[in-house]
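These features come from TrEMBL:
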- 32: active site, nucleophile (ACT_SITE)
- 34: active site, proton donor (ACT_SITE)
- 32, 34, 203: Mg(2+) binding site (BINDING)
- 43, 123: substrate binding site (BINDING)
């Protein structure tokens, strides 16, 4: 059960974790990456490294053949065949723009790092995510990054694998974000870190699945007009109250920062 000091009329008290007197973070903030932290789909962005900045027709059609993760494996193999190497990929990932207001949100979280534990769950890849966050100066903000494994083989080709397997019927075969989030919360609970609230910032259909695990105390921040937002609206029409978390759509991540800032003002 998540700890909460609201309404008890007492100072906020936390059981020490690790060092004597250390206080665990009170809130967990979960981010998606593509079209959430960055303003593009990074899988599409890497095509800029290809000759002519385009894929052949056969590859453009290949998402219909198997999973999207498998499609990206084929795309990366093609780029490798074209001579695209680590430095080229790194330059592309670093050049992807952050979404509007994201620097402001990250700066707010950096200033309040003792209150917020920040993780990232993305169906992109670890290499690209870390390259972008490192270049932007925010990699250290994240306690953990969950994404598809990626690395360079002996040829210098960027290779990609699936994150895990699961039994969720709603998610792509290589990743269920609900499973990742549920297991992370259980792991942190075993380490005696339990959060008052969970905040989820995302945009896609694969973010709707984990957001469905949030409680009435939690907040989902779907990017306005994107699939996660539309799916939450549709569920509210079909099954009012089934989606328990408060839904706060955003166009600029600065709106998320302002919401969290106001939350802190109201808290002890």
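Each residue's number is its place along the chain shown, starting with 1.
Cβ atoms are placed via backbone N, Cα and C, with glycine included.
As the structure is a computational prediction, the values presented were derived from the model and not from experiment.
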Since the record lists 32, 34, 43, 123, 203 as recorded positions, which of them has the fewest other Cβ atoms within 10 Å of its Cβ? 43
Can you give me the Cα-Cα distance between residue 203 (Mg(2+) binding site) and residue 34 (active site, proton donor) in Å, rounded to a whole number? 8
Using an 8 Å cut-off from the Cβ centroid of 32, 34, 203, can you name the remaining same-chain residues around the Mg(2+) site, in sequence order? 33, 35, 36, 37, 122, 202, 204, 207, 223, 226
Rounded to a whole number of Å, the separation of the Cα atoms of residue 123 (substrate binding site) and the residue listed as 'active site, nucleophile' comes to 8
